[in-house]
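> TrEMBL lists these features:
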- 41-65: transmembrane segment (TRANSMEM)
- 85-113: transmembrane segment (TRANSMEM)
- 125-143: transmembrane segment (TRANSMEM)
- 163-183: transmembrane segment (TRANSMEM)
- 192-212: transmembrane segment (TRANSMEM)
- 227-480: domain 'GP-PDE' (DOMAIN)
- 492-513: transmembrane segment (TRANSMEM)
C-alpha cells in the first residue's frame, strides 16, 4: 500500500480502537507493521458479505411479521408456552444488523483515512457466529415455513422500486472508499478487477427497473375498488378471538364477513372454536385439569359454558394492541364465554354481515353428523342464507341440496372450464397478480388470507382482489388509498433521474479522491 496522508491522530485512534483494539499515533514508526494485507482485505470482504446477509434477513424479518401470529400459535401448540416471538426476532435481528453495520462503517472510514484494516480476532469470531446464526434462521425458515419465500416474492412488488433506489444509493456511496483504495494500492491487476466488478454491479442496478414489476405501477383511474374486509375470527387484535365481542368489534371495523371456525360439542351443539384443544383460548386447565388435553368435541355444552374465553386475551396479550384497550373493553373481554353457532348467527343477522366458517375437525368419524347438525342450526336461525358462506368441502353436495341458498366458497383454484366455482378462499401466497386479474375478469370473487400489513393490502388492492381476511381490520379500515401508486411515466422519470445523479456522483467521487 502506498503511504498517503490520512486523518489526524485522534480520529485514527477513535476508528482503529473499536475495529482493531489498538491505540496508535500518527507517526509512521509507531504504525510499523500495521499495514493492510491481502488477509486483511479478505476479512473486509467477509465483513461486507455478512452485512449484506444480515440486511437480507432484516428484510425477511419485516416481511414475515404479517404471518408471525401463526408462528406464535404453532409454538404454543408444541410447547404450551405463549410468547410474542416477533419481539425476540426483531431484537435479535436489530443486534446483528447493528453490529455488522458499525463494523462496516468503521472499516470504510479507516480506508478513507488511509489507516490499516486490522480486524480484531474477537470481531472475526463474532462475524462468523453472526453468519452462522443468520444461515440457521434462513434454513429454519425454508424447512418449517417455506411459504414465506412466496411472501418475500410478493413483497418485492411493494418494495422493488424503493429497494432499487436504496441499492443505487448505497453502491454510489461506496465510490469514495473504493476510489481511496484504488488510488492507494500499487497492484494494477487488483485495481482493474475491483473497477470491473463495481462497474458490472452498477450497470446491473441501473438496468434493474427493466425487471421490476408491480401492480401498483398504474394510472390513478385504473385502480380497482378497495377490497372488502373479512374479520379473521372477528377482530382478534381488539377482542378475544371467536367471541361475540370479537364479532361486534369486527362490525365496528366495517367488515362485511365474520370468518370463524365451528366445532360440535359431545351433545350436538355447534360452537365457535379454532383449536382442537381448548388450552390456548380458555381456562380449561383450571376448570377441568384432567380433561384439558381432550379434543374440544369431547366436551358437552354445559361444560363449555363454564369456561372463561376472555381472560387469556388480557393475560397473554397475543397482539400489542391489547395494551391500549379501554377499561370498559378490558372488563367486557374478561366476561367472554364460548359462543354457540346459534348465538353467532343471531348476532350476524342483526348486524347485517355475512358469516363464513370452517367445520372442524375434518377427519372426525362423525363428521357427516356435524354437517347435518350445523345445517339444522343455520336453517332454524332464520338468517338469510345468502349471508352464510360455506367453506367445508366434506359433503358439499348434501349441503347444496338441503340449503340451496347458501353461498359456497372453495378453498382451491377453479379447474379448467369449471363454472360452478364463484367464490374462492386461498392463502395470499397462492395467487399471483395475473391470476387475480383473470379471476376478476371472469366475475369470480377472490378472498385471500391472512392479510395484516398495509404494504401487502396495497399490493392486493392494486391487483384487484375482491376481499381479504385480516386480523387488523382496525388498521386496514383507515386506508383510503394504497401506500403508493405511481404512473409508469412517473416511475420511468424517477428511474432515469436516480441513475443519472448516481453516475455523476461516482465520477465526482473518483475525481475528488484523485
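Count begins at 1; order follows the chain as displayed.
Placement of Cβ uses the backbone N, Cα and C atoms for every residue, glycine included.
Heads up, TrEMBL stuff is auto-annotated, nobody curated it.
What's the neighbourhood like for these features in this structure?
Within the chain, the transmembrane segment (41-65) has long-range Cβ neighbours (under 8 A, six or more residues past its boundaries) at 71, 86, 89-90, 93, 96-97, 100-101, 103-104, 107, 117, 119, 124, 127, 130-131, 134-135, 137-138, 141, 145, 148, 151-152, 155, 159, 453.
Only residues 6 or more beyond the boundaries of the transmembrane segment (85-113), in the same chain, are considered here, and those with a CB under 8 A from a CB of the stretch are 6-7, 11-12, 15-16, 18-19, 44, 47-48, 50-51, 54-55, 57-58, 61, 65, 68, 71-72, 75, 119, 123, 126-127, 130, 133-134, 174, 176-177, 180-181.
Beyond the ends of the transmembrane segment (125-143), by six or more residues, the same chain brings 46-47, 49-50, 53-54, 57, 60, 64, 92, 96, 99-100, 103, 149 to within a C-beta distance below 8 angstroms of the stretch.
Here the transmembrane segment (163-183) has long-range neighbours at 4, 108, 111-112, 114, 156, 191, 194-195, 198, 201-202, 205-206, 208-209, 212, 494-495, 498-499, 502, 505-506, 509-510, 512-514, meaning same-chain residues at least 6 beyond its ends whose C-beta is under 8 angstroms from one of its own.
Through the fold, the transmembrane segment (192-212) approaches residues 156, 160-161, 164, 167-168, 171, 174-175, 178, 181-182, 491, 495, 499, 502-503, 506 of its own chain, all at least 6 residues removed from its boundaries and within a Cβ separation under 8 Å.
Taken as a whole, the domain 'GP-PDE' (227-480) shows an average pLDDT of 96 in this prediction.
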